[in-house]
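*Asks:* Below: one structure in structure tokens.
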Amino acid sequence: MKVQEGLFVVAVFYLAYTQLVKGQPRKECQTRCGNVAVEYPFGTSPGCYYPGDESFNLTCNEQEKLFFGNMPVINMSLSGQLRVRLVRSRVCYDSQGKQTDYIAQRTTLGNFTLSELNRFTVVGCNSYAFLRTSGVEKYSTGCISICDSATTKNGSCSGEGCCQIPVPRGYSFVRVKPHSFHNHPTVHLFNPCTYAFLVEDGMFDFHALEDLNNLRNVTTFPVVLDWSIGDKTCKQVEYRGVCGGNSTCFDSTGGTGYNCKCLEGFEGNPYLPNGCQDINECISSRHNCSEHSTCENTKGSFNCNCPSGYRKDSLNSCTRKVRPEYFRWTQIFLGTTIGFSVIMLGISCLQQKIKHRKNTELRQKFFEQNGGGMLIQRVSGAGPSNVDVKIFTEKGMKEATNGYHESRILGQGGQGTVYKGILPDNSIVAIKKARLGNRSQVEQFINEVLVLSQINHRNVVKVLGCCLETEVPLLVYEFINSGTLFDHLHGSLYDSSLTWEHRLRIATEVAGSLAYLHSSASIPIIHRDIKTANILLDKNLTAKVADFGASRLIPMDKEQLTTIVQGTLGYLDPEYYNTGLLNEKSDVYSFGVVLMELLSGQKALCFERPHCPKNLVSCFASATKNNRFHEIIDGQVMNEDNQREIQEAARIAAECTRLMGEERPRMKEVAAELEALRVKTTKYKWSDQYRETGEIEHLLGVQILSAQGETSSSIGYDSIRNVTTLDIEAGR
């Protein structure tokens, strides 16, 4: 309970201090001392002056005299000036030249500084004095006054009987020391002393006869001091300063800190929260409205309203309106102008309408050219099926990609550009914009969209729909944001924590997806470009097969097709390359290369491998033949517990990459073997008839097809030349 009471007291004091810092003195604070007004940030008691600086604490004595330190206060200005009276300095001598009196002024101004409105003045004959000041830096100056009679010219302080020089601003310590050249013996009768003092410019008028004798018995002179709040600039304090409402902050010209002033049209104390009040110019004769106009006060300003029959001119005066004849011509001119503007506006609206109609017709034209009617007909005629193809609009695609902005590009290849798209429901998709190709490919494209949209496999990238209202069709599919298997094995996302268990699971998932495409899809699909760069991984490292731009649909009554060779070097089936005959065993070969990459951690085609062929398949076979199998396996995956599993996986990879397609297993057999290997239950083994030396020789005999590294040579759909190809890729 005591802790809570203590916290409450602290909070109350904090709020009180915050209000005080923001310029809220207590209501009972003294506002006058004698005939001098005391205005915040000045005050005469705690809680009444600005708490950040004791220099604002003034003293009002019992005689109602206001003091700044020991200096009487004349008045204060909220614009940053304080006028005080400062004692003069003097040194006096008798007729024999002996010093009889010496007063040297030494004054500290606290955080206030001298204003440049002051003048350093010396009065006397054969006299001189020094002014020494300090602040941010030190400053010294002096003044000399020479004369030999009291007939010196009055009103002039040019060095004859009186010397006066400017004083720089910004100094908070003042020391004045008067001196004499010869101690005044020759001028003692009319000038026994040297006087030196600071005085506000224009507040001292030299009279030779009186001033040389005794300075008219004046002992103090008005001096102007500059004051400001704190030691920071307006920019540094931002909104934490003390300036109230309807005021503005400006940096002090007399030193550090800042001052406040009311905005134009307001007056009052800018250091109080509501100190600046609106000036009613209409009752204070501060307006310039003419005799025919009526003044209307507004916040911070005023308006001059003209009576009926008058108008306001450029001089803010009210003059009679123009004659009816001239006004009639003005009306004609305005009517013509307005009519012309309406006609131009109508023409502009008509042009916009025509443009909109043309755009609509163009989108419809593209929709028909890209097979929109065919797609709608086939989807509507599919009956109860799992065909779910969403047709997106051209406007929706443009908004999703921010106008196909380059910052949304995920990747570019030979078959088109992939953009990251954000749909209205904030779901993220990948949008493939193909390169312009042959319009005769439309039926093949529509067929591919229909087939791929029916694929519902967790390890195959899902096609969501397409857009046919653009010059080239767009394909929309799910977005995978964790990179490709290639990136994790060799590239920017290389992950040393990609364990054997991860790699075996990825291989099993890819094999399962390919087996599904080959054997379980409504129409068998051969991917034709299986590689680590086309296998995407999500945040859980789940594999997703992507990029169906090179895929082929295999009719149910055929086992293979004759096609133009297409694929990626290092993964390309040698038999397919040599014969042009495409079947599901081509995907098996490519998968075998991927499995070797998972085992070895090496690229499918590398020209920097020492003591080993550049092709990974040949390198794998060579290492196996020469009993260097352990050297080619990635050291991060092999340990004493998994050597047998890795050897089994290597055997599967070797069987998948046999030279002759008929000797390779089918993908569903590969998937079953890997699944069995993964769960360590039953292992299905294939025939050993191809594991002899002859197979190794065949593998070693595979020629490297090109020296272009991992460049993909994509020609398009094989049955039609020079056509648009659409990759089904995810974000990469």
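A Cβ is built for glycine as well, from the same backbone N, Cα and C atoms used for every other residue.
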*Asks:* Choosing among Cys234, Cys243, Cys282, which residue does Swiss-Prot name as bonded to Cys260 by a disulfide?
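*Replies:* Out of the candidates Cys234, Cys243, Cys282, the one Swiss-Prot links to Cys260 is Cys243.
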*Asks:* Quick one: which of Asn75, Asn540 has N-linked glycosylation site in Swiss-Prot?
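*Replies:* Of Asn75, Asn540, Swiss-Prot lists Asn75 as: N-linked glycosylation site.
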*Asks:* Disulfide-wise, see what Swiss-Prot says Cys289 is paired with, picking from Cys276, Cys304, Cys306.
*Replies:* Cys304
*Asks:* Tell me which residue from Asn246, Asn438 Swiss-Prot records as N-linked glycosylation site.
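*Replies:* Annotation hit in Swiss-Prot: Asn246.
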*Asks:* If I look at Swiss-Prot, which residue among Asn111, Asn722 would I find recorded as N-linked glycosylation site?
*Replies:* Asn111
*Asks:* For Cys306 (disulfide bond), which of the listed recorded positions (Asn111, Asn217, Cys234, Cys282, Asn288, Cys295) have their CA atom within 10 A of its CA?
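*Replies:* Candidates kept after distance check: Cys295.
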*Asks:* So of all those recorded positions, Asn217, Asn246, Tyr477, which one's Cα sits nearest to Cys304 (disulfide bond)?
*Replies:* Asn246
*Asks:* Using other CB atoms within 10 angstroms as the count, which residue among the glycosylation sites Asn57, Asn246, Asn288 scores least?
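*Replies:* So among Asn57, Asn246, Asn288, the glycosylation sites given, the one with the fewest Cβ atoms within 10 Å is Asn288.
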*Asks:* Report, as numbers and ranges, every residue of the chain located at least six residues beyond the domain 'EGF-like 2' (278-319) whose Cβ falls under 8 Å of a Cβ in that stretch; write 'none' if there are none.
*Replies:* 246, 263-267
*Asks:* For Cys282 (disulfide bond), which of the listed recorded positions (Asn154, Cys234, Cys249, Cys276, Cys289, Tyr477) have their CA atom within 10 A of its CA?
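*Replies:* Checking Cα-Cα distances against Cys282 (disulfide bond), the recorded positions within 10 Å turn out to be Cys289.
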*Asks:* Out of Asn57, Asn75, Asn246, Cys295, give those recorded positions positioned within 10 angstroms of Cys289 (disulfide bond), comparing C-alpha atoms, in sequence order.
*Replies:* Cys295
